[in-house]
Amino acid sequence: MAGILAWFWNERFWLPHNVTWADLKNTDEATFPQAEDLYLAFPLAFCIFMVRLIFERFVAKPCAIALNIQANGPQIAQPNAILEKVFTAITKHPDEKRLEGLSKQLDWDVRSIQRWFRQRCNQEKPSTLRKFCESMWRFSFSLYVFTYGVRFLKKTPWLWNTRHCWYNYPYQPLTTDLHYYYILELSFYWSLMFSQFTDIKRKDFGIMFLHHLVAIFLISFSYVNNMARVGTLVLCLHDSADVLLEAAKMANYAKFQKICDLLFVMFAMVFITTRLGIFPLWVLNTTLFESWEIVGPYPSWWVFNLLLLLIQGLNCFWSYLIVKIACKAISKGKVSKDDRSDIESSSDEEDSEPPGKSPHTATTTNGTSGTNGYLLTGSCSVDD
């Protein structure tokens, strides 16, 4: 084990030439990032998760009810053992031939069977109230951490001149504000890593799981080798659009059409500007070129920049999907309900159709989004 640890913490990988871990030990004069500081993120992540549960129960839920957001879920399909077996073991979307067979077997008309399958699909979907509570929590936390990041960074020299990220590197002391900001962000991502298995399931689950992994690794990696200054720029820049995204989703759930449309436009502008403009021209410029000039490359420098380029790849993917939504919205004249959110239409409306009217399938969004970057796939929604 000692040999494995010695290999993992090899100074020639983590640190610039002629720098050792002993040089970065805490002293009475200066404090530097220490790897053991990262353990603080685990109890703090648990605390954040508990605060979330309390917030959603006693703050977000009353707000949702005050906005007349429905607390009940979709209509429950009547119990039927045969249809349930088909639904769970064979298919959730039976074709015409199977529908006719079930119709003869149960002595039901095809329309009633179609309605049962719609109700059964919607039965597993979360209520609008639950989605509103989740978005309100993310909105509140994102607003807090982004506001804190802006207030902290505006007092730092590296916000105004990114070359200060590398002057005297790696002998840059760790301030209390920087330490708090970093550990808070890391704790939040750890809480998301665990809560995403109980949160509302969305179709970009795999992409968001990758995003959270990269974010945690990048935050931890940059903290250990004291690239925290440029790390704060990355964090604050990527937090900027999350507030607008969650606000747009809340407006959508509350059925504030015009506000939702406006917030989505603002979100799209901020997201594309920060992720495709400011991030590569400002942050990647300093991590790739200014750091090369001032410090020079070394093994962990290459890994750090590769992670940033992976983040940029995800940014390009999500920006493409946002543009796709915008084009679809322009062609329709407005952003439709399904374009903005993953709210599925309730089967209640369909069940109330006159008997002679032809049935139509339940409307669902085939995709979701993410910011924490969180965006959309399929039919393009702006919901995580």
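Numbers run from 1 along the shown chain.
For all residues, glycine too, the Cβ spot is worked out from N, Cα and C.
The model shown is predicted, which means the values in this text are computed figures rather than measured ones.
These features come from TrEMBL:
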- 38-55: transmembrane segment (TRANSMEM)
- 83-127: domain 'Homeobox' (DOMAIN)
- 85-128: DNA-binding region (DNA_BIND)
- 130-331: domain 'TLC' (DOMAIN)
- 179-198: transmembrane segment (TRANSMEM)
- 205-224: transmembrane segment (TRANSMEM)
- 260-282: transmembrane segment (TRANSMEM)
- 302-323: transmembrane segment (TRANSMEM)
- 336-384: region 'Disordered' (REGION)
- 361-384: compositional bias 'Low complexity' (COMPBIAS)
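Per-class residue totals from DSSP over the DNA-binding region (85-128), listed helix then strand then coil: 32 helix, 0 strand, 12 coil. As a whole-number mean, the pLDDT of the DNA-binding region (85-128) in this prediction is 86. Residues 136-137, 140-141, 183-184, 186-188, 190-191, 194-195, 220, 223-224 of the same chain sit 6 or more residues outside the transmembrane segment (38-55) yet have a Cβ under 8 Å from a Cβ within it. Counting same-chain residues at least six beyond the ends of the transmembrane segment (260-282), those with a Cβ under 8 angstroms from any Cβ of the stretch are 162, 233-234, 237-238, 240-241, 244-245, 247-248, 251-252, 312, 315-316, 318-319, 322-323, 325-326, 334-335, 340, 371, 382.
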